[in-house]
Amino acid sequence: MAQRLPFLRWIRPRPKQWRQDFFAALTVGLMLVPQAIAYAALAGMPLEAGLYAAILPLALATLLASSPRLGTGPTALTALMVSAALAPLAQPGSAQWITLAIWLALLSGAIQLAMGLLRMDWLQSIITVPVLSGFSHAAALLIIGSQIPTLTGVPWSTWRQALQDSAGLEALLASLDGYALLFSSVAIAAFLGVKRLGHAIPWTALILAVGATAAWLLGYADHGSAVIGPLSLELHSLHWPPWPGSGTVLELLVPALLIALISFVEAAASAKTEHALAGTPWQPAQDLIAQGVAKIASGLAGGFPISASFSRSAVIHYAGAQTGWVNLWASLLVLIVALWFAPLLAHVPMALLAALVVVSVYGLLKPRTISHFWAFSRVEAGIAVLTLVVTLLSAPHIYWGVLAGLLANLAYFMHQHLRPRIVEVGLFPEDGRLRDRFLWQLEPLSPYALALRLDGPLDFATASALERRVTARWEADAQLHSICLIASSIHNIDTTGLEALFSLRNMAAQRGGKLYLSGMKLPLEQRLRHIGLLSDTHRVQAFPSDAETVRGLAQLQAQ
């Protein structure tokens, strides 16, 4: 029971821990409220949907996760993916859009829940670091670009017209909202400035409070500038959304799968940090279950797909929280704000929320990351750039960028796997180890035996390369009559690899020699013995160590 319900293993906090968690929750909760509303706007949802996605999902994710201090809730990256997935299907903010966003939360949550129950957490590995980096950079640029109309008070149609002719540019300059520009510019400078002051004070909430007060005093809304306005909060019971149709659900499956994978990679980064600091083992399958249940709860509550925020998780650690109670307190704080203090949010300018979104995703832009990829592997740097470019060009269908990166990464993986490292070995006299004899200019172990080492599995991808290498040397040297495969690096073999071993055995037998297998790992030896290859002692012989291999091959005579 405790394995599936990790909160049953929580140790009762001491009074000092209670105080630390409570004050940390004040910081996190006051940070979560404006972020939840801002990310709801980014996702094209009603602003109150952000609060729905921040209350019950956070509590459930905390209770069920092996990483209870993750800052689960609305995030910029997931909100962008929701907006991109639904853009071809409905109008932002419409009833159809809201229904589809809820279904996206249910589907992505169900995928994560199934992955967790089936212990398929390894699937996150297909989203490699270069792919995620390229996608994150593109997403950050798209998010920042999407906030330009709100930051300036000028709709996209006017911006597009300004790019076409001078009259459009004049119309753009005339349409600029001075109040929106002033508030957004000051807010961006303030948000960036307070980052250096730490998280002991909930600066985000404080800046928004000051901005809302200034907007009210200056008559911001009276000048036609956009504010949050009254929130129609209805904390209704959990409910199932209307069925959108089988065809629509099928269209949502690919975006839901990518949201499930990418949001878990996003959560995994914070979870690994938490467990590294605590010195505890990470249980990714359980965190998958927790994130899946949280997404489903968000959908049933009228929200949209959520994830674990790296910034809020970092604040939790910085604020000194010790237990998962910090998130339960934060969830309660959001609920209190939603019930009794929502009217205070009505005067917050939308330009401030846009500034908050811009500053939040600004940290995703790390050009040095790609330069580091270039220094280490130009191919992987190319994969990151490809993902970035395709994501930008395919917007709003941004999942094509991820798919392009995944396919490029898979092609690179197969290219490497189809060209395994195969070296002809010789005895290195200084330490008695077997090394690449051409690199170190070593004598062969025997003039009558070809001794090779395959670094990797012997399977359908590598077997042909091994046979080609042996055949080339075999035809070039007529005195060779035996083949020795140094198998210490072979950790797996499939049927194609087994057929390759039989082929090598037959090649050696035709010249009166043997196939020698050296240093096999026990699982490989057991499989070959079970299939009967090692029983053919007249044509196959196994050496348990390199030393015995060297002695055995040294005794070979010409045939």
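Quick reminder: no glycine exception, Cβ is built from N, Cα and C everywhere.
Source: prediction; values computed, not measured.
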Per TrEMBL, the range holding transmembrane segment, considering 241-265, 366-390: 241-265
Long-range environment of the transmembrane segment (241-265) - Cβ separation under 8 angstroms, sequence gap at least 6: 75, 77-78, 81-82, 84-85, 89, 96, 99-100, 102-104, 106-109, 111-112, 115, 121, 123-124, 126-127, 132, 135, 287-288, 291-292, 299, 305-308, 399, 402-403
The transmembrane segment (97-118) touching the transmembrane segment (348-365) per 3+ Cβ pairs under 8 Å rule: no
Range from 21-43, 130-151, 325-342 with the greatest count of C-beta pairs under 8 A to the transmembrane segment (171-194): 130-151
DSSP helix/strand/coil residue counts for the domain 'STAS' (450-553): 51 helix, 21 strand, 32 coil
Surrounding residues of the transmembrane segment (130-151) on its own chain - C-beta under 8 Å, 6+ positions past either end: 41-42, 76-77, 80-81, 83-84, 159, 180-181, 184, 226, 262, 265, 350-351, 353-355, 357-358, 361-362, 364-367, 369-370, 373, 380-381, 383-389, 391-392, 395, 398, 401-402, 405-406, 409
